[in-house]
């Protein structure tokens with residue numbers, strides 16, 4: 001799949017040029033979370049966003065076009081992620097999965113938190129006992145409906 | 001494993017008595033997130049917390065003791081969760097997994113967000129386009145160290 | 001999980017009493033698709049619906065309460081269904097999966113067909129070459145959004 | 001397998017030329033659902049259809065021949081699809097699998113909806129609360145027979 | 001699932017009473033292949049057939065009703081069968097799978113051999129070098145159709 | 001594995017030259033079932049058979065030698081085949097697996113139908129209701145022995 | 001499956017009575033390898049053998065009958081065995097699998113070592129550096145045949 | 001991994017040159033079992049052995065060095081081997097696994113047969129009913145120890 | 001398997017009686033690591049050890065006998081452990097697996113660290129930055145041998 | 001992923017140049033455990049460390065930069081490792097997993113041994129009965145906290 005090749009080219013360019021996602025995001029004019037996901041092949045860019053990214057990473061015209069195609073999503077090579085940084089998130093789903101479910105249903109009734117109409121923000125939280133990773137997720141509640 | 005039986009007894013009691021996790025949490029004196037996880041067999045209670053929970057759900061003295069034993073964690077029956085409410089969280093790990101990783105490393109360097117020294121808060125976010133589920137996660141950053 | 005036991009009791013009652021889902025649905029006042037799914041442990045009933053179902057299948061008061069609890073969804077015992085009638089639907093996902101994706105994106109842009117804000121209708125389609133199963137699915141389109 | 005290479009060439013050509021499946025389908029003279037599936041390596045073309053597709057996507061004579069060979073079907077790289085747009089269909093099989101089965105048997109008796117003698121139509125359904133994806137599936141009912 | 005219990009009761013009765021499937025089949029008036037599959041929970045009986053089977057194996061009235069319900073098919077406890085007698089058939093699919101496919105397409109065009117409109121006959125083939133198992137399968141060819 | 005490359009070269013040659021397995025088989029002087037399996041990398045040829053096949057498909061001397069090496073068998077890329085034509089055979093194993101087992105044991109005692117000392121014949125069975133695929137399998141019965 | 005219950009009863013009786021497989025084998029009049037496998041639910045006994053085993057382990061008449069039914073074979077609860085004593089044999093297949101294959105083909109041509117017409121003998125091999133487990137396996141060579 | 005490439009080069013050379021493992025083994029001065037395993041990438045050679053093998057198969061100096069590096073062992077591409085010749089060994093582990101375990105413990109106490117301090121010999125066993133594959137395995141018994 | 005029931009009885013007794021493994025170990029006269037593993041069904045006790053354990057946990061005479069039978073080892077319910085405390089050890093194998101391998105081979109040559117002739121010690125390591133878990137593992141090196 | 005290519009280049013260089021990890025570690029000025037893991041693509045180097053490694057293994061400037069990027073961790077190609085040297089560590093997790101858990105909780109309360117704030121030392125332990133592999137692991141204890 002050719003989007004994968006574009007993603008790999010972006011990653012390689014980032015390593016060799018020493019770029020930062022936050023700077024890329026600023027140029028694109030969107031959050032660092034969304035822009036990073038887009039560069040990693042998980043989101044679809046519009047023409048203007050694709051042009052900015054193409055320029056930063058020296059993409060060809062055709063490679064740029066791939067950024068505007070809805071990708072086949074899924075960023076992990078295995079069902080259970082092996083990388084410890086990513087695994088901790090899988091662990092949260094495993095340990096807190098039923099808790100998420102219970103509390104969403106208690107507050108909202110039967111339905112889900114959308115992973116599509118969704119946004120998030122990841123930032124540093126200063127703490128004298130060691131700084132913390134702070135992630136705010138916000139997803140629209142979608143109710144199951146009778147019919 | 002007997003903790004599982006205590007968990008099932010608690011769930012059944014909650015259904016038949018019509019209780020709310022938020023009310024249980026208030027009586028225990030801890031967040032609804034932690035208390036729900038504890039009642040679902042994912043956290044360890046101290047004597048006092050166990051006593052409150054045991055009273056609410058009519059547990060025997062031995063069942064109460066199980067609440068004070070560190071559980072074998074993992075709340076899901078399958079590697080990929082089938083329940084749509086929980087699956088959306090797995091989907092987030094799948095779609096945003098490499099983004100979490102990149103942004104944590106960009107901000108903090110090599111390391112992880114702890115899933116142990118971790119807390120979270122799930123609440124309603126009012127929105128004219130439909131209310132949203134808002135989840136704030138906070139986990140200590142743990143750096144990999146050379147040796 | 002106790003909902004499973006209620007589901008099994010309903011199925012057993014249906015077999016031994018010789019009931020039809022269409023008749024159950026009529027009494028509940030909802031479509032046969034939604035009511036069947038609810039009886040099979042995949043949807044959440046309100047008090048009134050649960051009362052009707054409980055009466056039809058001779059459920060106890062506590063069993064009725066389980067019908068009003070959001071279930072842990074997932075009706076299949078294996079990742080790939082072994083039953084030929086159900087497998088054909090998995091096969092459609094396998095063969096037409098990328099086609100669904102391409103056509104949804106071509107018509108709507110990046111996003112999904114909701115499986116939550118969703119309804120369907122299954123009926124007989126008369127055909128001189130042999131009658132056909134006709135299924136109409138309707139799910140809200142949910143667009144991915146930038147942020 | 002060489003059909004895969006032809007498929008990838010078609011997809012790449014579509015991205016770089018900015019084509020639409022609906023337009024390809026019109027030229028081929030078949031539904032957009034069948035033509036898209038054919039271009040994605042899931043259906044077999046006859047000589048005339050293959051010629052049209054070959055011309056649109058600049059295929060060589062040998063590449064065109066692959067379009068006329070029955071493909072090894074299966075469009076997904078994993079048993080459970082990771083892409084959210086496709087996953088929702090898998091979720092429907094998971095949640096509604098037993099419902100499909102019950103209602104087909106109630107209406108037709110023991111048998112299946114054919115995934116071979118099958119056609120479908122995917123279109124936009126206007127809705128003031130947000131447009132919907134509307135899919136009509138029609139598959140011949142095939143009864144199990146005694147012998 | 002209660003059909004499983006009926007199947008187990010039938011198997012246990014067969015062992016303790018020392019019955020033969022061929023004799024059961026004769027009383028039912030159908031082939032030994034179909035009747036065995038039905039007794040093992042893979043086919044649906046009509047009222048008369050169910051009555052004969054119920055009498056042979058001393059089933060209750062309710063157990064008999066389960067024989068008339070379309071079963072959730074799939075007779076094997078694992079994805080790859082561990083039993084050597086059954087594994088050999090899986091091995092045939094593995095070794096000859098692409099050969100079946102090529103020869104069916106060469107003779108009939110694109111389509112499948114139905115496993116629904118299907119019958120088979122298993123018998124002894126006398127051979128001086130050691131008798132052979134002879135299996136004749138006959139399934140309707142179902143062509144893929146354009147639309 | 002190099003045998004795989006020879007197989008792919010044969011398949012490509014067959015597509016571009018428009019050959020038929022039945023014709024290849026006639027030239028080799030063996031059944032179409034065995035010859036197709038051999039060309040697809042599942043059987044071992046002797047010198048003469050390899051020479052005929054090498055000539056038909058324009059293989060080099062070294063490629064021809066691979067035809068004479070016992071292959072690592074297994075023609076399917078996944079544990080459960082995704083291709084519908086092949087899946088139907090897996091489904092037969094799944095649905096009829098225990099029936100095969102019971103009837104073989106009833107007729108022959110404890111043992112298996114050999115998948116090694118095995119032959120088969122696949123042909124068209126004319127039928128006014130639609131032609132059928134007819135497959136005759138013949139495998140030596142091998143008894144388990146005490147020792 | 002009821003044979004499993006008979007097996008568990010035999011194992012429990014062996015533990016509580018302190019029996020040895022070698023002694024059971026002597027009474028049955030067959031090798032300790034075959035008799036142990038039979039008692040563990042992997043081989044089929046004749047009437048006389050079943051009677052001896054039934055007496056030793058205090059089986060009922062019906063339990064004895066299960067010993068005379070061909071079992072559903074497969075003695076391990078997981079695809080890859082977790083028990084270290086058994087895992088070492090899986091490891092041998094993994095490390096030496098291709099070596100077994102090459103040497104069998106070099107000596108015998110294309111075919112297999114039968115696991116059905118098979119016997120084995122496990123004994124102690126005295127060695128000053130520590131005694132060794134010595135296993136002699138003997139399986140009939142079965143050639144693949146052309147047809 | 002480069003050892004894999006050396007292995008593939010050796011296998012290709014063997015096919016095109018028409019060599020025999022037994023002859024290679026004689027030149028190396030070790031058993032055919034060990035030498036075949038070494039050539040297939042499962043054992044580590046010393047300088048002298050590597051030189052002999054390198055000469056036979058025309059390896060470069062660097063390729064020869066790989067023969068002297070401890071390999072990442074595991075010769076099979078799937079968890080359950082698909083090749084029938086190798087599968088039979090997996091079947092033996094499956095059917096006889098618990099028997100191996102019981103008899104080793106009965107003779108030696110708690111422990112394992114080493115798969116490291118291990119040797120084996122595979123040879124033809126003449127038999128009027130058809131020759132047999134005879135395999136003698138010898139592995140040191142390693143007892144579990146208390147501490 | 002009945003050993004499992006004995007293990008569960010021991011665990012339940014420990015919870016309700018409030019015992020400590022270290023105290024059990026002292027009474028048994030062996031290390032806490034070995035004794036805990038034995039009580040959890042992973043090691044084999046001699047008569048005297050079994051008697052002490054049986055007395056502590058109020059086991060019956062027959063339950064005590066199970067402690068003296070070599071168990072079917074494997075303490076985890078899933079291939080990848082879900083419990084975070086245990087998962088960290090799996091993560092170490094995943095991250096450091098090739099490092100373990102390289103360093104063992106560099107120091108000792110080709111071979112393994114025995115997991116049978118093995119002992120370990122787990123203790124608290126005081127540290128002003130937070131105490132540490134200190135584990136010392138010692139396993140005999142077993143060299144692969146030529147033959 | 002390009003880090004993989006750098007790792008493979010390092011491994012190949014090590015084989016052809018005949019280097020030792022211990023010597024590489026001395027030049028880098030860190031433990032052989034950490035440096036080996038870093039060279040195998042599991043740890044992140046700083047500029048100075050990367051320069052030393054790059055010089056030893058003749059890496060280009062861009063390859064060196066990859067050593068300074070946090071890697072996607074996970075060194076094993078399969079969920080259960082097939083290599084015997086590495087498998088023994090997986091076996092320890094399997095056999096001793098619940099023992100690790102019990103003893104950590106008994107000594108420290110609910111929490112984990114960190115695999116991030118972790119170091120280890122692998123060395124030879126002289127022993128007249130055969131030298132032993134000695135591994136000391138030290139990981140910070142991280143307590144679960146209430147909130």
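Cβ from N, Cα, C; glycine included.
Just so you know, TrEMBL annotations never went through curation; they're auto-generated.
Per TrEMBL, the feature domain 'Cyanate lyase C-terminal' maps to J:75-147. As annotated by TrEMBL, active site applies to J:88, J:91, J:114.
Using a 10 Å Cβ-Cβ cutoff, residue J:114 (active site) registers 20 neighbours. Neighbour list (residue J:88 (active site), Cβ cut-off 8 Å, at least 6 residues apart, same chain): empty. A sphere of 10 angstroms centred on the C-beta of residue J:91 (active site) encloses 23 other C-beta atoms.
Comparing residue J:114 (active site) with residue J:91 (active site), their Cα atoms are 20 Å apart once rounded. According to its DSSP assignment, residue J:114 (active site) is in a strand. Using a cut-off of under 8 A between C-beta atoms, the active-site residues J:88, J:91, J:114 that neighbour chain B are J:114.
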